[in-house]
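Per TrEMBL, the features are as follows:
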TRANSMEM  A:28-49  transmembrane segment
TRANSMEM  A:61-84  transmembrane segment
TRANSMEM  A:96-114  transmembrane segment
TRANSMEM  A:126-147  transmembrane segment
TRANSMEM  A:159-179  transmembrane segment
TRANSMEM  A:191-211  transmembrane segment
Amino acid sequence: MNRVPHSLIDELAADLAPVRPLRRARGIALVATATLVAVVLVEVIDGFWRGIATGQASPLFFIANGMFAMLGTAAALAAIRMASPQVGNSHEGTRWALAMAALLPVAALVVLGLQGDLGQVAHDPYGFGCLIAGIEFGGLTFVALIVWLRRGAPVSPPLAGTLTGIAAGSLGTFAHGLACPVDTLAHLGSWHVLPVVLGGVIGRITVPPLVRW
Amino acid sequence: MIADEASLARLMAASQKGDAAAYRVLLAEIRLWLERYFRRRVAPAQLDDLVQEVLLAVHAKRASWDPGRAFLPWLAAIARYRWVDHLRRVYRKAEDELGDHDAIEDSDEEAVMARMSLERLFVHLSAGQCEAIELVKIEGLSIAEASARTGQSESLVKVNIHRGLKKLSALVEKAD
């Protein structure tokens, strides 16, 4: 069988120009830079919580923000990998990281529910501000990942979008978390988790049309 | 004889650097590979169109192959992506016959090829989804004909096609 015209192959060969192959390392550098800029902006705009350095922060502060950083890293790496598709690529790691991070809101729900104190979440005066800040500081990561995916060839745009949103939300809430002195389970397990959830939803809806090819 | 993984990877690496002669050879090899890859899962009359679509996609997205990784799994992912897209858009004409020459030829890469095959994707669909997609999207039956053939209601055939294609599109990189 030899029915595809040679002219097509000739045309494509004539149109050939050197390209710079997508290397994961450059994608990682791009996203790391975007996240680093977000962290610097947090320091410039809000200022890091000085209690982190003086030992005032609770263990939960480090556990929660560490989980957000890990989840964001796992999701960002998976999204970067999706720009260079391969049969055999697996994105299971992010699911486990997501399950790990879900422990935080589940723990908040169980503990506050048993204590009959779920209203604490709704009456948190800083909650909404943290939600917005988490999303805002994830914006740069969001854009960086979209730029990378557009240069590549993601073969599952909805998943790529969801991972992009989760990565941006997680790294954004991590960056903002460095400036937030409220380190209770009710606050971290709800308002700091919401940017991740909303990021995933926003990414799932908005990114596929931008990266589809 | 289609070139092996190492040869294709070398040709692609040279093509990324702008070597038009290597690129011409590579595209010719890819064309042969794709014709074999799609043979059972695309109506013969649509095979050429799909192969051309994938060649254009390979050209447009050639930078997305990382020379540090294998070439054929990259090509297979792009081929699968375009194939699912193709199933969404195209109905096969009733008079077209599917070929029965789909068997993968014996080679050292047979096991690798099997993991990347289109057949492997159908394993993840329910029997109803598989049947509905094969009859309507590949063999070109109408919804009513597929309904009569399978015993599924027309609504169920439509739902099975919709859900099955959605599932296939999520499985493009799946190897097992």
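Note that Cβ sites are derived from N, Cα and C of the backbone, with glycine treated the same way.
Ranked by number of Cβ pairs under 8 Å to the transmembrane segment (A:96-114), the listed stretches A:28-49, A:61-84, A:126-147, A:159-179, A:191-211 are led by A:61-84. Within its own chain, the transmembrane segment (A:126-147) is flanked in space by residues 30-31, 33-35, 37-38, 41-42, 46, 72, 76, 79-80, 164-165, 167-173, 175-177, 179-180, 182, 187, 190-192, 194-196, 198-199, 203, 207, 210-211, which lie at least six positions past its ends and keep a Cβ under 8 Å from the stretch. When Cβ-Cβ distances below 8 Å are used as the criterion, the transmembrane segment (A:159-179) is approached by residues 31, 35, 38-39, 41-43, 46-49, 52, 61, 64-65, 68-69, 71-73, 75-76, 78-79, 82, 91, 94, 98, 101, 130, 133-139, 141-142, 145-146, 149, 188, 192-193, 195-208, 211 of the same chain, each at least six residues removed from its ends.
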